[in-house]
Amino acid sequence: MVLKAFFPTCCASADSGLLVGRWVPEQSSAVVLAVVHFPFIPIQVKELLAQVQQASQVGVTVLGTWCHRRQEPEESLGHFLEGLGAIFSHKPWFQLCRERGSKSWSCKATHWQGPTSHAASGEDQVMLIFYDQRKVLLSQLHPPAVLPDRQAGDTTASAGGLAAVFDTVARSEALFQSDRFDEGPVRLSHWQSEGVEASILVELAKWAAGPVCLLLACLLSLVSAASACRVFKLWPLSFIWSKLSTCEQLRHRLEQLTLIFSTRKAKNPAQLMRKANMLVSVLLDVALGLMLLSWLHRKDLIGQLADALIPVADHVAEELQHLLQWLMGAPAGLKMNRALDQVLGRFFLYHIHLWISYIHLMSPFIERILWHVGLSACLGLTVALSILSDIIALLTFHIYCFYVYGARLYCLKIHGLSSLWRLFRGKKWNVLRQRVDSCSYDLDQLFIGTLLFTILVFLLPTTALYYLVFTLLRLLVVTVQGLIHLLVDLINSLPLYSLGLRLCRPYRLAAGVKFRVLEHETGRPLRLLMQINPLPYSRVVHTYRLPTCGCHPKHSWGSLCRKLFFGELIYPWRQRGDKQD
């Protein structure tokens, strides 16, 4: 039988002693965690392992002996190492040895039946696999290992593949922290034995993190309570606030800050990674907002924008007037219904006149409004972009009105024509059963239906042309707002901390391992080196992507074309009847 022994590379030069680790019977493998050095008292070693088992819920035990023949001759340790197999009874019993003055290793696993019955003992072949204990301890295997909580010494729980190795090293952190480098009764060798570096600033930050988070959590709870007041839930305010991108973004940031500064400890590495990603996202957002604010005020761009806003609005209104006058004539040589054309054209021209009057009325306050809007960038670049999206919506409100008028009129005619077309075929729409049923009509109903169908057919080209023009303008505005929302969602959802770990510490996010052969000679154990494969950047983004506001609709091309053909309104926010992906 071939057994696998995972040995930490940091213990390759350790002094002789005992191999401490965990035996995984499902994988027929032993995970070595540390080496206990001579001299030691067996009862103290057992007490230490019992404390580690109670703290980590991992069945840590003595797996065998480790002999590093740097100075000791082979005869001095031979009988002593054989006697340890009787004190620390474990099946199989590993005997790992490194030859003096060479790179040769020897390893064997013996099933002892008793301290004196050597004839009844059997040996198995051992495959020696070296692993970097520090990287395995700090890394997280993807997909994460879903392992049940084990009691001390419990080895019956099933674990698949390398998940048992990563889980054993991660949960045995209590063993690594037990060595305080004070020459205690039990001396261990593991990856921390080379020394632990600490910083005074880091320790002060850890001590101050608790009170600061508690204070910020109280302030955020007060803000949340104020925003949940009944006054803001009245119909006009609740409707407007649910449609403004700025309110949605502020609500989203408030939820993120509440989770970041929560005093509850993260239950697993996934929650800890999510908090870290949110914190880095908020810090980057605020930094970009401050940079934008300083750039706007340093070059006085707010004043220049306020001075250019009125001429731009006049130019847009003039172009819309030219467009409407073109539609009121013979656009592209098409013969329109003159009466309906004149009514629609004058109706829209009157709206443009009202809108320009409103803009000129607000012109003395535009610079002050833009200055206060620029100050909102200190809350983050996403807040400034959301305000920009709302300003675009307000400045193009007349285009939205034109689109709604044209879409409603076009939709009314489409539904009228479809109903009258069913009348000619002897059908009708059953409202109760939501289906088309057969129906018999008399002569008067058929005459009125034919008259109305003819009128709607001849009026449809004029209405469809106005609907087409204003729908294109509306789609242009929605496209600009959609690009802004995409940028906001990118900043909100991009897992920057995870991407930074993948760039600087790729072993922290492990997608698996690969093995490299170190030694393959006849008569000696096969020695392999286990190396961690980092998670690809695409999977990092997919796994740790943060949730966004979720208020923007996601239309497929089929549903979008259907809505445009039947004259249904296209909104940049999600409606109650929209199907969510």
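Cβ atoms here come from the backbone N, Cα and C positions, even for glycine.
Remote same-chain residues near the transmembrane segment (276-296) are listed as 253, 256-257, 259-260, 302, 374-375, 377-384, 491-492, 494-498, 500, 544, 546 (criterion: CB distance under 8 Å, separation of at least six residues from the stretch ends). Among the features that TrEMBL reports, transmembrane segment is placed at 276-296 (among others).
Summarising the annotation, TrEMBL assigns transmembrane segment to 343-361 (among others).
For the transmembrane segment (373-396), the residues of the chain that approach it from at least six positions outside its boundaries are 244-246, 248-250, 253, 282, 285-286, 288-290, 292-293, 296-297, 302, 313, 477, 480-481, 484-485, 487-488, 491-492, 572, judged by C-beta separation under 8 angstroms. Per TrEMBL, transmembrane segment is recorded for 373-396 (among others).
The feature transmembrane segment is assigned by TrEMBL to 445-469 (among others). Same-chain residues lying 6 or more positions outside the transmembrane segment (445-469) and placing a CB less than 8 Å from one of its CB atoms are 323, 327, 331, 334, 336-337, 340-341, 344, 348, 406-407, 409-410, 413, 416-417, 420-421, 423-424, 567.
Summarising the annotation, TrEMBL assigns transmembrane segment to 475-499 (among others). Residues of the same chain lying 6 or more positions beyond the ends of the transmembrane segment (475-499) and with a Cβ under 8 Å from any Cβ of it are 245, 249, 252, 273, 276-277, 279-281, 284-285, 288, 381-382, 385-386, 388-389, 392-393, 396, 399-400, 509, 537, 540-541, 543-549, 552, 570, 572.
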Residue numbers, six or more beyond the limits of the transmembrane segment (343-361), whose CB comes under 8 Å of its CB atoms: 310, 313-314, 317, 320-321, 324-325, 327-328, 397-398, 401-402, 405, 462-463, 466
